[in-house]
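Per TrEMBL, these features apply:
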DOMAIN    18-447  domain 'Major facilitator superfamily (MFS) profile'
REGION    454-505  region 'Disordered'
TRANSMEM  16-36  transmembrane segment
TRANSMEM  57-78  transmembrane segment
TRANSMEM  90-123  transmembrane segment
TRANSMEM  144-163  transmembrane segment
TRANSMEM  175-194  transmembrane segment
TRANSMEM  265-286  transmembrane segment
TRANSMEM  298-314  transmembrane segment
TRANSMEM  334-353  transmembrane segment
TRANSMEM  359-377  transmembrane segment
TRANSMEM  389-415  transmembrane segment
TRANSMEM  421-445  transmembrane segment
Amino acid sequence: PAPAEAGRAPGPPDGGWGWVVVFGAFVSIGFAYAFPKGLAIFFKEIQDFFGTSYSEIAWVSSIMLATTYGAGPISSILVNRYGSRPVVMFGGLLCGVGMISAAFCTSILQLYICVGFITGFGLALNLQPSVIIIGKYFLKRRPIANGLAMAGSPVMLCTLAPLNQFLFDNFGWRGSFLILGAILLNCCVAGALFRPIGAGTALVKTQVTEEGKDALKAKFTEDGKETSSALNVPMENKTEDEGEKDCFEKINQYLDFSLFKHRGFLIYLIGNVLMFLGFFAPIVFLAPYAKHTGIDEYSAAFLLSILAIVDMVARPTTGIVANSKWVRPRIQYFFSFAIAFNGACHLLCPLASSYTGLVVYSSFFGLAFGMVCAMLFETLMDLVGAARFTSAVGLVTIAECCTILLGPPIGGIIIDTFGDYKYMFIKCGAVMVLAGTFLFIMNYYNYRMLAKEEKERKTKEEDPKSVRTENEGRKNWNKDSTQDEPELKPLREEGEGVKKEMNGT
């Protein structure tokens with residue numbers, strides 16, 4: 001920053017270069033969310049190539065999604081330490097390496113490692129930093145910015161679904177993985193757009209803080225030595241306590257574990273963990289379900305494109321609606337409704353027996369899916385605030401990774417057991433309706449408690465009794481001091497005598 005601006009902390013610009021950052025987040029978030037879904041096109045062929053079951057092949061996307069979410073705390077720590085730009089660029093490099101390595105795999109286990117773990121970890125380093133940096137560039141327009149950035153997922157899915165089918169027809173799944181690895185390297189370009197905000201000011205603040213800490217430490221040490229020499233008290237215990245406190249503060253500055261005492265955060269966490277048990281499985285199995293009913297491969301892939309096109313429109317539209325003065329103060333209710341609506345779509349999916357019915361299901365599913373994704377991180381930031389958002393994202397994603405990991409394989413087991421896809425869709429729908437209902441009820445309770453606590457706080461501030469009590473305490477103290485004067489008189493006279501002797505000398 002310019003020297004004149006170096007002393008003041010910059011606020012979120014809500015525009016300017018922030019829109020370029022939104023575009024970079026659009027690309028990186030798009031790959032992070034759409035890529036695991038787009039790989040479902042290759043599952044049927046890879047399953048025949050390796051001779052595996054539905055549940056075994058579903059572990060590829062499950063491990064990738066679970067790694068993407070499970071590595072959230074690592075991503076948050078790296079962002080706090082190095083910033084969003086280098087983390088996203090390194091993540092893009094890992095994605096490319098993972099997919100290129102997968103092209104040479106000779107077993108399903110090697111696919112788990114290359115596609116699941118390596119590429120999944122690279123996508124994790126793309127997702128969290130992209131969401132975090134939007135919160136630093138936007139405040140008033142944050143729901144709109146989040147909606148536009150999250151729209152990258154349907155746009156990428158709309159592009160990747162037919163592209164993957166085209167690549168497979170011309171190059172096979174191995175050649176397709178090589179090309180997709182090269183495409184994923186564009187995440188490095190997206191990360192280069194993430195210009196750090198307020199870096200100069202942060203540096204000045206850090207230097208001042210460090211100087212202040214050193215001065216305080218030196219003063220405390222000097223005072224402590226004098227006090228300990230006068231009173232003959234050892235300082236070792238204090239030093240040990242300080243060391244433990246410093247260690248805890250170092251851990252807490254990267255991940256704020258005090259969030260587990262935050263009521264709204266816990267409600268959000270429980271609801272989301274339950275929701276993700278049925279969130280991704282319907283997308284993973286939509287194209288295989290269409291092929292199972294006798295629909296050709298391109299028409300099955302086009303269902304994902306329809307879902308993505310509707311999703312593409314739904315996300316920014318949801319961001320605009322969520323930013324309105326009627327919805328934003330109660331955005332948690334809107335989020336709960338979106339989850340329950342998503343579950344209702346899955347419950348009605350088994351009624352769609354024809355291709356037209358699947359097109360209608362894909363359209364409503366895309367709308368519901370876009371509504372949930374557009375508000376997924378906005379509702380979390382609304383609960384915990386921008387300052388604690390980085391830690392909150394890391395803690396939420398590590399908790400969610402378990403249900404994300406288990407969701408598609410459980411769906412695959414249900415398909416293998418009953419030989420029909422409809423029971424998998426019913427399971428996912430029931431779980432999501434339950435999650436939406438839970439969030440709605442608990443958010444109503446949370447809003448009531450917050451209003452009650454705010455009312456009590458205002459009452460306590462306006463109540464004159466507390467001020468009166470404080471004044472009475474001061475008067476009583478002065479009264480006690482006055483009553484003690486006869487007892488203190490000899491000491492006071494002795495002190496005055498010493499003072500006179502010193503003056504005389």
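Using N, Cα and C of the backbone, Cβ positions are placed for all residues, glycine too.
Because TrEMBL annotations are produced automatically, they should be read as predictions rather than curated entries.
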Candidate ranges 57-78, 265-286, 389-415, 421-445 - greatest C-beta contact count to the transmembrane segment (334-353) (under 8 angstroms): 421-445
Mean per-residue pLDDT computed across the domain 'Major facilitator superfamily (MFS) profile' (18-447): 80
The transmembrane segment (57-78) versus listed stretches 90-123, 298-314, 359-377, 389-415: most Cβ pairs under 8 Å: 389-415
Considering the transmembrane segment (90-123), which listed stretch of 16-36, 144-163, 175-194, 298-314 counts the most C-beta pairs under 8 Å: 175-194
Contact call for the transmembrane segment (175-194) against the transmembrane segment (298-314), three or more Cβ pairs under 8 Å: no
Recorded stretch that, among 16-36, 144-163, 298-314, 359-377, 389-415, has the most CB pairs under 8 Å to the transmembrane segment (265-286): 389-415
Tertiary contacts of the transmembrane segment (16-36) (same chain, 6+ residues out, Cβ under 8 Å): 61, 64-65, 68, 88, 91-92, 95, 119-120, 123-124, 126-127, 129-131, 133-134, 137-138, 145, 148-157, 160, 180, 184, 186-187, 189-195, 280, 284, 308, 373
